[in-house]
Amino acid sequence: CGIGLTSKYLSEDFHANTPVFQSFLNYILLFLVYTTTLAVRQGEENLLAILKRRWWKYMILGIIDIEANYLVVKAYQYTTLTSVQLLDCFVIPVVILLSWFFLLVRYKAVHFIGIVVCILGMGCMAGADVLVGRQQGAGENKLIGDLLVLGGATLYGISNVCEEYIVRNLSRVEFLGMIGLFGSFFSGIQLAIMEHKELLKVPWDWQIGLLYVGFSACMFGLYSFMPVVIKKTSATAVNLSLLTADLYSLFCGLFLFHYKFSGLYLLSFFTILVGLVLYSSTSTYVAQDPRVYKQFRNPSGPVVDLPATGQLEPSVTYTSLGQETEEEPHVRVA
């Protein structure tokens with residue numbers, strides 16, 4: 001909600017259209033806090049050791065995260081607010097499919113019911129926007145804007161699932177440190193190419209500076225706490241919860257920007273909450289099949305158990321794939 005409010009003030013009141021610069025400030029904060037933390041660590045969790053093993057993977061993930069933020073913000077210039085709100089929900093099926101195939105998360109009927117209820121609540125809010133006339137945005141290039149939202153939502157889904165994979169199997173600090181490193185580098189290049197003229201047009205004063213500080217603080221908080229919530233729940237649950245962000249911004253807008261009120265807004269809010277309760281009422285589980293599920297190991301240590309959401313299906317995992325000194329290999333039953 002804070003991210004949305006500060007962005008609205010910057011773009012509409014001060015005509016500062018700088019989405020790349022705003023993201024760049026967030027990546028710089030992540031770099032200063034988490035990348036430097038990795039730099040002073042010792043052993044296998046040191047920054048250089050991580051870069052030697054997985055630098056190209058984090059580079060790709062950083063670019064995906066940057067462009068996901070940019071595409072959705074850019075879409076507001078071409079399509080309506082209602083279209084962005086509805087099409088941004090596309091991130092949910094993307095996260096579900098990627099979690100099913102790559103994280104082997106298995107859902108139950110109540111999870112799909114909760115997801116459908118949440119999306120219905122979002123549709124109810126979009127309908128209320130139409131009724132009260134809050135269809136902001138140009139309509140001439142609406143198709144371009146809609147495609148930008150779908151592209152951004154797809155990239156968000158990929159980023160969130162990769163984030164869940166990393167924070168469950170590696171560490172939260174490693175993910176944020178690598179995102180801060182590559183995000184600040186590539187967003188800095190994109191800023192120099194695409195927005196250097198826009199920055200010169202910004203009428204700098206203390207109010208604009210305070211808005212940029214507020215936006216960066218909210219963004220940094222979102223990036224810092226999201227891995228914690230993803231590790232305790234899942235990427236799907238987090239994205240369902242984020243549907244309420246537009247509603248919180250709307251409630252603030254009723255007082256700050258004098259939006260027209262509709263009872264459908266309250267109905268949509270409680271519908272989304274009911275969907276979240278339904279989704280969270282039952283745990284998902286991981287199909288831990290030894291034939292398809294790769295297990296992380298320490299290079300010089302014992303087998304690392306993978307955390308899972310809910311109960312695991314019975315499986316047999318071998319502790320070694322090499323030649324054993326005994327007649328039969330050790331077997332651990334999970």
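Cβ atoms are placed via backbone N, Cα and C, with glycine included.
The transmembrane segment annotation in TrEMBL covers 24-43 (among others). Long-range contacts of the transmembrane segment (24-43) within the same chain, counting only residues at least 6 positions beyond its ends with a Cβ under 8 Å from a Cβ of the stretch, are 49-50, 66, 173-174, 176-181, 183-184, 187-188, 191, 212, 215-216, 219-220, 223.
Same-chain residues lying 6+ beyond the ends of the transmembrane segment (55-73) with a Cβ under 8 Å from its Cβ atoms: 7, 19-20, 23, 27, 84, 88, 148-149, 151-153, 155-156, 158-159, 162, 178-179, 181-183, 185-187, 190. Marked as transmembrane segment by TrEMBL: 55-73 (among others).
Annotation source TrEMBL lists transmembrane segment at 85-105 (among others).
According to TrEMBL, the feature transmembrane segment maps to 112-131 (among others).
The transmembrane segment annotation in TrEMBL covers 143-161 (among others). Within its own chain, the transmembrane segment (143-161) is flanked in space by residues 61, 64-65, 67-72, 74-80, 83-84, 87-92, 94-95, 98-99, 102-103, 137, 230, 235, 238-239, which lie at least six positions past its ends and keep a Cβ under 8 Å from the stretch.
Long-range contacts of the transmembrane segment (173-194) within the same chain, counting only residues at least 6 positions beyond its ends with a Cβ under 8 Å from a Cβ of the stretch, are 20-21, 23-24, 26-35, 37-38, 45, 47, 50, 54, 58-59, 61-63, 65-66, 70, 163, 166-167, 223-224, 227. The transmembrane segment annotation in TrEMBL covers 173-194 (among others).
Under the heading transmembrane segment, TrEMBL lists 206-225 (among others).
The annotation transmembrane segment is assigned in TrEMBL to 237-259 (among others).
Marked as transmembrane segment by TrEMBL: 265-287 (among others). Note on the transmembrane segment (265-287): residues 103-108, 110-111, 113-125, 128, 233-234, 236-237, 240-241, 243-244, 247, 250-251, 293, 306, 308-313 of its chain, located 6 or more positions outside it, place their CB under 8 angstroms from a CB of the stretch.
Sequence-distant contacts of the transmembrane segment (112-131) (same chain, at least 6 residues past either end, Cβ-Cβ under 8 Å): 81-82, 85-86, 89, 92, 96, 236, 240, 243, 246-247, 250, 262, 264-265, 267-272, 274-281.
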